[in-house]
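Scroll down for the structure; my scribbles are underneath it.
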Amino acid sequence: MSLQMISAINNSSLIQPGFSLLNFDGQVFFFGQKGWPKRSCPTGVFLLDLKKNELKLKPAFFSKDSCYLPPLRYPAVCALRGRIEPEKCQYVIHGGKTPNNELSDKIYVMAIVCKSSKKVTFKCTEKELVGDVPEARYGHTINVVHSRGKSMSVIFGGRSYIPLGQRTTEKWNSVVDCMPHVFLVDFEFGCCTSYILPELQDGVSFHVSIARNDTIYILGGHSLENNIRPPNLYRLKIDLPLGSPAVSCTILPGGISVSSALVTQTGDKEFVMVGGYQCDNQKRMFCNTITLEDNNIEIGERETPDWTPDIKHCKIWFGSDMGNGAILLGIPGDNRQLISDANYFYILRCRGTREDEEEMAQTCSQTSTEDPGDSTPFEDSEEFCFSAEANSFDDDDIDTYNEDDEEDESETGYWITCSANCDIDINTWVPFYSTELNKPAMIYCSNGNGHWVHAQCMDLSERMLIHLSEANVKYFCNEHVDLARGLQTPKKVLPVKKQPMKPLRRKTSMKIATPVKKSFLRRLFE
């Protein structure tokens, strides 16, 4: 195993805990940036250009018929290959957190529709599910199993917000482990079915899941309710006959107490597990080799890489599997860096030969880590698992993402003073509307160049707020509503008085004598 430090040339601040890496035909794409996408790369998906130990992000594009894909962090991601064309790879993305800390319950499928030396275009499709649809969550896993010529996706674990009926001001953003239900998703028909297995008593999150044929192995994880990492090792068997699927679970010995471990595939039956956490505030610096046979799993110790002092002494690390035995690792930067939220990055290669290191072609299931700025130490924070692949690219003429072109958003956002009577304070604010989670609801005033105001400061009822968000109408805040009315309503103008038209007289044959002036008659008779 070898460890190599790389330099992030541009926009390293976008790569934060919780990102995912997607590998398409040897090209690695970064997904799940910190913050919302900007106009330089509205898709939020980047080609990961790794060349000469330098890392660059280059924007990727979406086709016109794609749905919108928010930058989700901590989702469940796995590769999906078709039975007819197995060389064509798609990625399934489920759940995750948006930059507003809202949880997603949607499931997306991403595939490449056009690729050239200068441009890669994706198509993203949102899949509609019916039946027992899993609730919004993060820190879970999704895998694809194959049985009797059929395929299904399996979703398990994760965390979600507590139900609305149980929320209080103090626990508004609290999360709990999801129920330990196993969800089978049929992409062909859009059906989803949940299974309750007696062997799965407690919910876990940030575990490791590895699939082979019709079997999934679930290792480790963290129980938030008990704050423990039980040495779990489960074997899920999925049988897909012509009728209803059959799901069984077996508890196996030899599990490991670990959470947020990183897994990369190094062979047809061999995987390498790196890192994770073994207890609160303590990283797990060991590595293991996992070998899968037909109905058996073997976990053995493996020589650890030569960790650098920075990695040894940092409290948090994060990353993603780059496929074919390579992992992209990141650790928080120090105060000496010019960019406060920038990180240091390494590539860990788990295969022995240079030829193997340069092949890089396969993918693996994953989850990821929480942003340390949004969390308490480790497990009450979000943890991580990973996915992707390391490569070199020759597309030097692809434009790199230039964050300097973007507007400065540091002085805007939810915590503004929207009006003279605004009393929204980040330290004292509590949810007012049922639709709010951890940020106050805002609405856009269309006066002039437009600006955002807090819905509560504008005395909007929740019903009116929902109506305005759904209707395609302009809104004007309390300070500009009168001005807007004056601009929109024309001033009243009195109607112009018109003289009544004289009636026309009929012409007659009578001749009317011309009046004669008195002065003329006087001269006539003198």
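The backbone N, Cα and C atoms fix where each Cβ goes, glycine too.
The region 'Disordered' annotation in TrEMBL covers 359-380. Annotation comment: TrEMBL describes 371-380 as compositional bias 'Acidic residues'. Residues annotated as domain 'Recombination activating protein 2 PHD' in TrEMBL: 413-490. Sequence annotations record features per position, and here TrEMBL assigns Zn(2+) binding site to C418, C422, C445, H451, H454, C457, C477, H480.
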Same chain, not part of C418, C422, C445, H451, H454, C457, C477, H480: whose C-beta falls within 8 angstroms of the C-beta centre of the Zn(2+) site? Give them in sequence order. S419, I443, W452, V453, M458, N478, E479
Can you tell which of the binding-site residues (C418, C422) has the fewest other C-beta atoms within 10 angstroms of its C-beta? C422
Along the domain 'Recombination activating protein 2 PHD' (413-490), what average pLDDT does this model show? 80
C457 (Zn(2+) binding site) has how many other Cβ neighbours within 10 Å of its own Cβ? 20
For C445 (Zn(2+) binding site), which residues of its chain lie six or more apart in sequence with Cβ-Cβ distance below 8 Å? H451, W452, V453, Y475, F476, C477, H480
Counting Cβ atoms within 10 Å across all protein chains shown, which of the binding-site residues H451, H454, H480 comes out on top? H454
